[in-house]
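Student: Below are the features I grabbed from Swiss-Prot:
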type: SITE; residues: A:Arg60; note: site 'Interaction with substrate rRNA'
type: SITE; residues: A:Asp62; note: site 'Stabilizes Arg-60'
type: SITE; residues: A:Arg101; note: site 'Interaction with substrate rRNA'
type: SITE; residues: A:Arg104; note: site 'Interaction with substrate rRNA'
type: SITE; residues: A:Arg108; note: site 'Interaction with substrate rRNA'
type: BINDING; residues: A:Gly178, A:Gly183, A:Leu196, A:Tyr197, A:Lys198, A:Ala199, A:Pro200, A:Leu201; note: S-adenosyl-L-methionine binding site
2 protein chains.
Amino acid sequence: MLHLVIADSELELAPKSIVDHPAIVNYAKRRNKKPEEVLLDSTYHHSALKKLEDGERRGRPDIVHVCLLNALESIANKEGKLRVYVHTRNDEVIYIKPETRIPRNYNRFVGLMESLFKNGVVPEGLELLRMEEKSLAELIDEIKPDGVFVMHENGESMKPQEFGKVLAGLQSPLVVVGGFPHGDFRSEIPGKKISLYKAPLMAWTVVNEIIINFEHWVL
Amino acid sequence: MLHLVIADSELELAPKSIVDHPAIVNYAKRRNKKPEEVLLDSTYHHSALKKLEDGERRGRPDIVHVCLLNALESIANKEGKLRVYVHTRNDEVIYIKPETRIPRNYNRFVGLMESLFKNGVVPEGLELLRMEEKSLAELIDEIKPDGVFVMHENGESMKPQEFGKVLAGLQSPLVVVGGFPHGDFRSEIPGKKISLYKAPLMAWTVVNEIIINFEHWVL
């Protein structure tokens, strides 16, 4: 079983310090929500983000959305060989049941994440997604993988197919992919750093390379 | 060079027969657009879609969006080994320059497609995306591939890595992936039918499998 963690994801509700900013207030009003209940989104909250630390990388639910669409619809997941987790910049972890069908529409996905932040689980009853306060280190402790790898620009260079073989050689490897647009991990890096390509790649590209190269050796 | 065609994509402006429907009119008003200039979107136009032939599969720009994000950010594309085209249900073809950075945000992508339908090219000057009236057969005639494959549930069963090897053995293979949620191609099927998995896969999953298994043999 491959454990894939989208880590330090830029997924959060509008922080308290900017809930009075017009960009947030107007956006919330348009969506009939309270300002403190809307997901931070760089497309709409650009001017408010300028007032925040790390503002140039925050508010990117789109990255999590595309990573999840790819991972959960992969052959590896359909074959029961994959578990996917989202860890956020504020040390929350989202557990996702493998049978979850993530909304295809981005705006519906945003609504779902807002419910999850509010209620801790969605949907009520089925609990396909569940959120807990937890650091990346605590999540890894809990999973007890027999190998931890962190995808990183400055990591050991490895061809994607070689890396897939390494993963397939373990019982329950865990791979960490950064769920942010650029820059470095905020969390301490818990494992061996690996680089699959000479230039930076988008998070979802790395997710695809890992999963499909893992599939080769296990299916 | 691998040519990837997302074919019979459910990408179109709101059809004339339903531009007076309240679901379209209200949606257009909210977005400050004319009803005939908005992209058909099943998430918002569900009740209007019921009045259309094939209404249960139409209005899916999200499928095209995720396929393009994956294809254009792939290692194969960065290495200059890939060309991507979108063919629509109304026989339009979108040519995409490989260096194009598709908007990550879905709503911005929708706005871009609306401009493309209106102006034929976007952005003015750079012309990264260009739309022409053209059937799938005409597009293939123009590309002159030395092999044409259509990804299809009822195709010849082939392991993804085997299929990647077949593609890599050709000079300029062309692969057709359906850009619709379910059902069959509307266009005549122009090549050998291939199936990568025992169950239906989402269009973007097939795109990922094709590209990454092709990369193995050519990078």
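Note that Cβ sites are derived from N, Cα and C of the backbone, with glycine treated the same way.
Here the structure is a predicted model, which means the values were calculated and not measured.
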Student: Considering all pairs of residues in A:Gly178, A:Gly183, A:Leu196, A:Tyr197, A:Lys198, A:Ala199, A:Pro200, A:Leu201, annotated in the record as contacting S-adenosyl-L-methionine, what is the maximal C-alpha distance expressed in whole angstrom?
Tutor: 17
Student: Based on Cα distances to A:Gly183 (S-adenosyl-L-methionine binding site), point out the closest of the recorded sites A:Arg60, A:Arg101, A:Arg108.
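Tutor: Nearest in space to A:Gly183 (S-adenosyl-L-methionine binding site), counting only the recorded sites, is A:Arg60.
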Student: Looking only at C-alpha atoms, tell me how far A:Arg101 (site 'Interaction with substrate rRNA') is from A:Arg108 (site 'Interaction with substrate rRNA'), rounded to the nearest Å.
Tutor: 12
Student: Determine the minimum-neighbour residue: among A:Arg60, A:Arg104, A:Arg108, A:Lys198, listed as recorded positions, which Cβ has the fewest other Cβ atoms within 10 angstroms?
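Tutor: Checked A:Arg60, A:Arg104, A:Arg108, A:Lys198; of these recorded positions, fewest Cβ neighbours within 10 Å: A:Lys198.
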Student: Provide the list of recorded positions among A:Asp62, A:Arg104, A:Arg108, A:Gly183, A:Tyr197, A:Ala199 whose C-beta sits under 8 Å from chain B at the C-beta level, in sequence order; use 'none' for an empty result.
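Tutor: Out of A:Asp62, A:Arg104, A:Arg108, A:Gly183, A:Tyr197, A:Ala199, A:Asp62, A:Arg104, A:Arg108, A:Tyr197, A:Ala199 lie under 8 Å of chain B.
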Student: If you count other CB atoms within 10 A of each CB, which of A:Gly178, A:Gly183, A:Pro200 wins among these binding-site residues?
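Tutor: Highest number of other Cβ atoms within 10 Å: A:Gly178.
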Student: Can you tell me the CA-to-CA distance separating A:Tyr197 (S-adenosyl-L-methionine binding site) and A:Arg60 (site 'Interaction with substrate rRNA'), as a whole number of Å?
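Tutor: That comes out at 23 Å between the alpha carbons.
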Student: Please classify the secondary structure at A:Arg101 (site 'Interaction with substrate rRNA') using three-state DSSP.
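Tutor: Where A:Arg101 (site 'Interaction with substrate rRNA') sits, the three-state DSSP reduction gives coil.
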Student: What are the sequence-distant neighbours of A:Asp62 (site 'Stabilizes Arg-60'), meaning same chain, six or more residues apart, C-beta distance under 8 angstroms?
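Tutor: Sequence-distant Cβ neighbours: A:Thr43, A:Tyr106.
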Student: Hey, which of the binding-site residues A:Leu196, A:Ala199, A:Leu201 is the loneliest by Cβ count within 10 Å?
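Tutor: Counting other Cβ atoms within 10 Å of each of the binding-site residues A:Leu196, A:Ala199, A:Leu201, the minimum falls on A:Ala199.
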Student: In three-state terms from DSSP, label A:Lys198 (S-adenosyl-L-methionine binding site) for me.
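Tutor: Its secondary structure by DSSP: coil.
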Student: CB neighbours of A:Arg101 (site 'Interaction with substrate rRNA') within 10 A?
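Tutor: Neighbour count, Cβ to Cβ under the 10 Å cut-off: 9.
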Student: Tally every other Cβ atom lying within 10 Å of the Cβ atom of A:Tyr197 (S-adenosyl-L-methionine binding site).
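Tutor: Summing over all protein chains shown, A:Tyr197 (S-adenosyl-L-methionine binding site) has 19 other Cβ atoms within 10 Å.
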Student: Nearest to A:Ala199 (S-adenosyl-L-methionine binding site) by Cα distance: which of the recorded sites A:Arg60, A:Arg104, A:Arg108 is it?
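Tutor: Nearest candidate: A:Arg60.
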